[in-house]
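Novice: Sharing a structure, written as C-alpha cells. Questions coming.
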Amino acid sequence: MSMILSASVVRVRDGLPLSASTDCEQSAGVQECRKYFKMLSRKLAQFPDRCTLKTGRHNINFISSLGVSYMMLCTENYPNVLAFSFLDELQKEFITTYNMMKTNTAVRPYCFIEFDNFIQRTKQRYNNPRSLSTKINLSDMQMEIKLRPPYQIPMCELGSANGVTSAFSVDCKGAGKISSAHQRLEPATLSGIVAFILSLLCGALNLIRGFHAIESLLQSDGEDFSYMIAFFLGTAACLYQCYLLVYYTSWRNVKSFLTFGLICLCNMYLYELRNLWQLFFHVTVGAFVTLQIWLRQAQGKAPDHDV
C-alpha cells in the first residue's frame with residue numbers, strides 16, 4: 001500500500017529539527033530510514049532545493065526554502081506528484097504560521113512541535129487519494145516536476161551511518177564531486193552585494209574601453225591590439241569574480257586570488273591609458289571582491305540532532 005509514513009521540518013543551516021509527525025511506523029525498515037533522515041539533515045545545505053533519496057522500499061523526499069527544509073518518508077510506490085504536493089502544503093502553512101525570525105533564533109529541537117497537528121491532518125488527507133483528488137489541482141505540480149525533476153541523491157553522498165560505511169559507497173567514488181556542485185554558500189551580505197555590483201561596473205568599463213580599442217585598432221597600424229586584449233582580459237576577470245562570489249566551486253579561494261592577480265597585471269599594462277585614480281579604483285574593487293569571496297564560504301555542517 002502506498003502511503004506517507006512520517007514528515008519533519010528541519011532548519012537547513014544546522015539541521016535543527018523544528019517539528020515532526022509522531023506516529024511513525026516502527027518497523028525495522030522505517031527505523032533504518034530514520035538514520036537516513038538524520039544524515040540528510042546534516043547535509044541539507046549541500047543539496048538542491050528539491051531532492052529524493054531512494055532507500056529501497058522507501059523514499060525520502062524533501063524541499064528547502066527560506067532556510068527551512070520539509071522532509072517526508074513514504075513507501076517507494078507513493079506518487080512523486082503527491083509527495084511534493086504534500087511538502088508544498090507543509091511549506092506554505094509553515095511560512096504563514098511562523099516568521100523567519102522565530103525559525104532563525106530557535107535553539108531547542110522541536111520547538112514548533114504544535115505544527116505536528118497540521119502535519120497529521122495533511123498526511124491523513126494525502127494517504128486517502130480518492131478524497132484528495134477532488135480538493136487539489138495537481139497539474140501545476142506535475143508540470144513543475146516534469147520541467148525540474150527532483151535531484152536523485154546517490155546513497156554514497158550520505159557518507160556513513162553510525163560509523164559504518166554504506167555499502168553503496170564502493171560504487172560511487174565520484175560522490176564528492178557531485179555533492180560539491182550543489183553545495184550552497186552562506187547568505188549574501190550587503191557588502192557582498194556591493195562587491196558584486198562594483199565588479200560588474202569594472203567589467204563594463206573594461207568592456208567599453210575594449211571596444212574603443214578595437215575602433216582605434218582599425219584606424220591605426222595595430223599598436224592598440226595589446227591594449228584591446230588587456231581590456232577584454234580585465235572584463236573576463238571581473239565577470240569571473242562575480243561568478244565566484246555567487247557560486248561554489250572547488251579551489252574557489254585560489255581561483256579568486258589568481259583572478260585578482262590577473263586584474264592587477266592588466267591594470268599595470270594599462271598604466272599609460274589610465275590615471276592613478278582609475279587604477280586605484282579597479283585594483284581596490286578587485287581586492288574587495290576577492291575578500292568577499294573569501295568571507296562567503298560554503299554553509300557548514302550541521303550538529304548531531306535526532307530527527
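Just so it is clear, glycine is given a Cβ too, placed from its N, Cα and C backbone atoms.
From Swiss-Prot, here are the annotated features:
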DOMAIN    8-119  domain 'Longin'
MOD_RES   S2  N-acetylserine
MOD_RES   S6  phosphoserine
MOD_RES   S8  phosphoserine
TOPO_DOM  2-187  topological domain 'Cytoplasmic'
TOPO_DOM  209-226  topological domain 'Lumenal'
TOPO_DOM  248-253  topological domain 'Cytoplasmic'
TOPO_DOM  296-307  topological domain 'Cytoplasmic'
TRANSMEM  188-208  transmembrane segment
TRANSMEM  227-247  transmembrane segment
TRANSMEM  254-271  transmembrane segment
TRANSMEM  275-295  transmembrane segment
Novice: Cβ under 8 Å, sequence separation of at least 6 from the ends of the transmembrane segment (254-271): give me the contacting residues as numbers and ranges.
Specialist: 206, 226-227, 230-231, 233-234, 237-238, 240-241, 244, 279, 282-283, 286-287, 289-290, 293-294
Novice: Could you tell me the mean pLDDT the prediction assigns to the topological domain 'Lumenal' (209-226)?
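Specialist: Result for the topological domain 'Lumenal' (209-226): average pLDDT 76.
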Novice: When the number of other CB atoms within 10 A of each residue's CB is tallied over all shown chains, which of the modified residues S2, S6 has the maximum?
Specialist: S6
Novice: For S8 (phosphoserine), list the number of other Cβ atoms lying within 10 Å of its Cβ atom.
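Specialist: A count of 26.
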Novice: What is the interatomic distance between the Cα atoms of the residue listed as 'N-acetylserine' and S8 (phosphoserine), given in whole Å?
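Specialist: Cα-Cα, rounded: 19 Å.
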Novice: Looking only at DSSP and grouping its letters into three states, which state does S6 (phosphoserine) belong to?
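Specialist: Once the DSSP labels are grouped into three classes, S6 (phosphoserine) ends up as strand.
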Novice: Counting by DSSP secondary structure, give me helix, strand and coil numbers for the topological domain 'Cytoplasmic' (248-253).
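Specialist: Helix/strand/coil tally for the topological domain 'Cytoplasmic' (248-253): 2 helix, 0 strand, 4 coil.
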